[in-house]
Amino acid sequence: MWSAGSGRAAGPALLGILLALSLSGGRAAKSDAGLVTCGSVLKLFNTQHRVRLHSHDIKYGSGSGQQSVTGVEASDDANSYWRIRGGTEGECPRGSPVRCGQAVRLTHVLTGKNLHTHHFPSPLTNNQEVSAFGEDGEGDDLDLWTVRCSGQHWEREAAVRFQHVGTSVFLSVTGEQYGSPIRGQHEVHGMASASAHNKWKAMEGIFIKPSPEAPGGHDEL
């Protein structure tokens, strides 16, 4: 059985983010195009299966019993926003470009839990379960994901992979869909091998401009 959580309300800061997104249509201005930076709030799009990384206050009915993570086709769901944070405090200053090979945390904006994986089987495929874990952005070392990309920094127009630091699996979707109570949502899981199933692209969101002193920043930003 799946179970609903406590339904914690979003705080004022999170509501402010969502208001800004609604006023901008969920898209950053053209002049902000370029690099993904620390502190940005965005949606992640799986390019193979065309779903956005998603979570919600519904727990797995098997495995860890932690908050579930799925993929959704809708582009306008507020439960698909994630904040880019450093692996440790001070490691990812606000506005600094995310480096290829850098470890980051992806914090779900509306519930404050971090993207997480561990050695539990996923419900539909028996791959590695991916969940959302922690409170107010504080979790553990199994919340760390390495950004795998070409070049020096994570570019918004480029597809990247997220490889889990602790278990080496890649954040993946292979197309399987859940029934009730989250009918039509896709299973998100960890897979051992790099493939088209684990390519992700930055989509709608608020992108913090690179700081002037940050290396690799674009002049027009």
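One-based numbering along the chain as shown.
For all residues, glycine too, the Cβ spot is worked out from N, Cα and C.
As stated in Swiss-Prot, the feature motif 'Prevents secretion from ER' covers range 218-221 out of the listed 70-73, 178-181, 214-217, 218-221. Helix, strand and coil counts from DSSP across the domain 'MIR 1' (33-87) read 3 helix, 28 strand, 24 coil. Mean pLDDT for the domain 'MIR 2' (95-150) in this predicted model: 96.
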